[in-house]
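What TrEMBL says about this one:
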SIGNAL    1-26  signal peptide
TRANSMEM  229-252  transmembrane segment
TRANSMEM  294-322  transmembrane segment
TRANSMEM  328-352  transmembrane segment
TRANSMEM  364-389  transmembrane segment
TRANSMEM  395-417  transmembrane segment
TRANSMEM  455-474  transmembrane segment
TRANSMEM  486-512  transmembrane segment
TRANSMEM  524-544  transmembrane segment
TRANSMEM  556-584  transmembrane segment
Amino acid sequence: MKTTGNCPSFLTIGVLILCCFSHVRSDASDHRYKDGDPVPLYANKVGPFHNPSETYRYFDLPFCSPDHVKEKKEALGEVLNGDRLVSAPYKLNFKEEKDSSVVCKKKLSKNEVAILRKAVDKDYYFQMYYDDLPIWGFIGKVDKVGKTDPSEYKFFLYKHIQFDVLYNKDRVIEISARMDPHSLLDLTEDKEAEAEFMYTVKWKETDTPFDKRMDKYSMSSSLPHHLEIHWFSIINSCVTVLLLTGFLATILMRVLKNDFIKYGQDEEAADDQEETGWKYIHGDVFRFPKYNSLFAAALGSGTQLFTLTVFIFMLALVGVFYPYNRGALFTALVIIYALTSGIAGYVATSFYCQLEGKNWVRNLLLTGCLFCGPLFLTFCFLNTVAIAYSATAALPFGTIVVIVLIWTLVTSPLLVLGGIAGKNSKAEFQAPCRTTKYPREIPPLPWYRSAIPQMAMAGFLPFSAIYIELYYIFASVWGHRIYTIYSILFIVFIILLIVTAFITVALTYFQLAAEDHEWWWRSFLCGGSTGLFIYAYCLYYYYARSDMSGFMQTSFFFGYMACICYGFFLMLGTVGFRASLFFVRHIYKSIKCE
């Protein structure tokens, strides 16, 4: 495909992305402190431990609040992540120890006791940040020992937190919070209660250098025995899939070799026998597909999402997404998606013009809405649910305005510029065979050669290549595990692309050999069918591997996973079609077509 000077280049986009994230490599906080200096401590959010999307502001629960609650200014990615940092009531000055200091004495009303009891019953945890280091703890516990009837359970609130802080010279290295199991407030009955909230601070010196302070969180996700099992599982899966792919490729090459020998006979010998198989339909195989505007738009969106994924992997492999770099991934997704929209416009419009499409403006609008449209509708519904729950997942009006401005001032103009560049590229569709005026009738085929069984076959093998890794990703995105082994994920992604391309090419060959020339949409659907398998895995993960519950968490999980799987469908569908197009052009170039 020809490119023009107006087409947004990968190099330009790469430079812009690296500029946007050049500051992210170092820790967000690189402060040095003197003895007694105040160190920033922010309370972030609270929520049920098993429902990661259902989080609330820290002071939505009746905890001790400072006289003036100061909100921390947050980046776009932090807000999208549901972070809402406010000043905490605890004072943890540098190297200043405290022993059972009182935060406040509070009289809890019946309603407040009921709110806290409900929170304890749902395993609420809190999250804070001290010098940009995360702290977690549960707000209470349920006593179930020796009790079989839930009505006999006792509910207790922790009143005393002990902070253990490690420092190296003038920097904070590590912090942890322990709840005192002996300082409890009984919340079992609906009655007013007096609560005295206290905290203790202990400081200890360590030799850990400042630039290694995040390693603790990375190591917690990849303990040696876990990492060994992880690698073994991935290698086992990859070897199995590559062997199957290798066998498939070998068989396909042998069959093609025989076909080339058969079709490579001289003209006189060829006249004596009737053409059969894929050569028979050479006048129809490059007939443009139905709904060519939608097809070109799907290719454009899929190419953009593929580019987005590649850039995200580049940033991950250079260490941008280190643990608890709050919101970096969401910021990257928004910025890179906006900057790569020109690629979608260029690919969609240029391919649409190659398919002899006339209304390229409508095609460009379709390209812009094909992925963003369903994502926007899903977001509107889920944001409404979050607002109804008063959860931190509900985006503030200002953030929504920022996203709309990015879409209006960056995404749309680049999409249009890419579309104009694609229209002016004047590229022609390269077909090695002339297309006949009237299409041949497709012979009746058995049921297993229809679209849905073929999609099931095409999606199963690539899905089996990523199945093991999916659990770790889901446990990170929809749980509290930390995902840091991006090298493994990148290897799995490469194998996913290879297997998708191979299986789609094989099925395209079998379809053409059966004299079915409508392979364009079929190759796209077969390539993208892995996205449907991933969504089916979502059902399994939700009901069998997680403890998520409630309308909000369920709607967030299935809503956003539907958008992600739809993105995979478009991206892998594009990979499948491009591989099939390359294959079909190659085999028809290799024979003499009348």
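Note that Cβ sites are derived from N, Cα and C of the backbone, with glycine treated the same way.
Annotations in TrEMBL come from automatic prediction, not curation.
A contact between the transmembrane segment (556-584) and the transmembrane segment (294-322) is present, since 3 or more of their C-beta pairs, 6 or more residues apart, lie under 8 Å. If one looks beyond the transmembrane segment (229-252) by at least 6 residues along the same chain, the residues whose Cβ comes under 8 Å of a Cβ in the stretch are 222, 461, 464-465, 467-469, 472, 485, 488, 491-492, 495, 498-499, 502-503, 505-506, 509. Three or more CB pairs closer than 8 A are found between the transmembrane segment (455-474) and the transmembrane segment (524-544), so contact between the two stretches is assigned (pairs 6 or more residues apart).
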